[in-house]
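Participant: Take this structure, written in structure tokens, and hold onto it; I'll ask about it next.
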Amino acid sequence: MQPSLPTLAADNLACRRGDRLLFRRLSFRLEAGAACHVTGANGAGKTTLIRALAGLTTPYAGAVMREGALALLDERTGLDPDLPLGRALAFWFGLDTAPDTGTMIARLRLDALAEVPVRYLSTGQKKRAALARVLGQGAGVWLLDEPLSGLDTDSQGLVMELVREHCADGGIALIASHQPLDLPGMTSFAIEDFAPALEDLAEQDEDA
Amino acid sequence: MIFALLRRDLAQFFPFTGSGAALPVVFFVAVAMLFPFAVGPDANLMAKTGGGVVWIAALLAAILPLEKLVARDIDLGFFDQLRLRGMAEEAMMAVRLAAHWLSFGPPLVLATFPAAALLKIEGETFQILLLGLLAGTPGLAAIGLMIAALTASLRAGAALSGLLLIPLALPILIFGAGALARQDQVSLGFVAAISLALVALAPFAAGAAIRAAREN
């Protein structure tokens, strides 16, 4: 899929939201085929981490290194709410020159929804639509922020199956979720383990 | 990629096809229609002041599409997804500027024909008015885009953007309407120059604004 093998690594990463330091000294390295589960309570900084890894925000300290294209799934679909689902997806498929979109749409059970405007879709249907967008991108690195939320049991199983296939194909998946995941060879870390200790906060106050 | 985005943006904003609808243009003609009722059917007075009214109507019509111009796509994560595909924010905003102007500049110029008829604007004055609007609307679109991007992450953004556009659009209004009073082409040159500078600047300012909006 990718000419060069995808990698994703964080080096001594620290991120803030507003004035609050969420985590620091976070380092990891994911090679081709690796899956990683980031756990943490709501507000612990999972989404902040994912946005920093995606390069959408600048981390407070540290660096992100990435090889290969990147696909992001979060609570925002990127699909025009006024357009029928088929046409909204077609825009991204066109940009990404996605092959074989028909089978993909059928697999995510979206074929019956092609004529329905995106704003009428349920939470779970929107999530599946966003997944179709991610699949169509054919990117080596997947960043999935709560991919299972809002999905029924069948769809949750389908998502895990897709991630397994992606990793077996040499892709990387980093999944932030507070739900337990079951993937072969998956590593995991809790974002709370990197939350600043009290002495760090004191240091930070001195700096300020 | 640029063309796919331009097609999508145009479909979003173009009157009669997108969700933007023809509201600004209808508003523009409505103001021109109301004016004779308000001041009375004095042909002389209308010919003298009508051009200014058209300019004010154009300025106010430029405020209407601002609410949806940038904020909606930020909320959708649309710009984020484009960024992941390697597109610069400046390029996204340049495309957005082109789509925004195309969806409100030319329709406004066309709507000037009925508006001018209602206000008894004829002959050379009409020509200068048309040329002035053609030269001025890209500038108005550029100001609008910058303001829409800057206020996108504010809760009262829509109300604020109208207030911000008015003072920034003053130079265009002064030279555009001034050209009518003096019947000269030089002021039109100024309008075009201001527009050009604004159009060149807007994608960078708006691009930086949507990047900054991500950080909070």
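Any Cβ shown, glycine's included, is placed from N, Cα and C.
TrEMBL lists these features:
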- B:21-39: transmembrane segment (TRANSMEM)
- B:45-66: transmembrane segment (TRANSMEM)
- B:93-116: transmembrane segment (TRANSMEM)
- B:128-150: transmembrane segment (TRANSMEM)
- B:162-181: transmembrane segment (TRANSMEM)
- B:187-210: transmembrane segment (TRANSMEM)
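I'd like to know what surrounds each of these features in this structure.
Facilitator: Same-chain residues lying 6+ beyond the ends of the transmembrane segment (B:93-116) with a Cβ under 8 Å from its Cβ atoms: 2, 5-6, 9-10, 12-15, 18, 20, 22, 24-25, 28-29, 32-33, 50, 54, 57-58, 61-62, 65, 69-70, 122, 126, 129-130, 133-134, 137-138, 141-142, 144-145, 149, 199, 202-204, 206-207, 210.
If you look at the transmembrane segment (B:128-150), the same-chain residues 6 or more away from its ends with a CB under 8 A from one of its CBs are 51, 54-55, 58-59, 62-63, 65-67, 69-71, 93, 96-97, 100-101, 104-105, 108-109, 112, 116, 121, 157, 161, 164-165, 168-169, 172, 176-177, 179-180, 183, 185, 187-188, 191-192, 194-196, 198-199, 201-203, 205-207, 209-210, 213.
Beyond the transmembrane segment (B:187-210), the same-chain residues lying 6 or more positions past its ends with a Cβ under 8 Å from any Cβ of the stretch are 70, 74, 79, 88-94, 96-97, 128, 131-132, 135-139, 141-143, 145-146, 148-150, 152, 171-172, 175-176, 178-179.
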Participant: Please report, as numbers and ranges, the same-chain residues at least 6 past the borders of the transmembrane segment (B:21-39) whose CB is under 8 Å from any CB of it.
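Facilitator: Same-chain residues near the transmembrane segment (B:21-39) but 6 or more away: 15, 45-46, 49-50, 53-54, 56-58, 60-62, 64-65, 104, 107-108, 111, 114-116, 118-119.
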Participant: Let me spell it out: take the transmembrane segment (B:45-66), skip the flanking residues so only those 6+ beyond its ends count, and list any with a Cβ under 8 Å from a Cβ in it.
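Facilitator: Same-chain residues near the transmembrane segment (B:45-66) but 6 or more away: 13, 20, 23-25, 27-28, 31-32, 35-36, 39, 100, 103-104, 108, 112, 115-116, 119-122, 125, 128-129, 132-133, 136-137, 140-141, 143-144, 147-148, 158, 161-162, 165-166, 169, 172-173, 176-177, 180-181.
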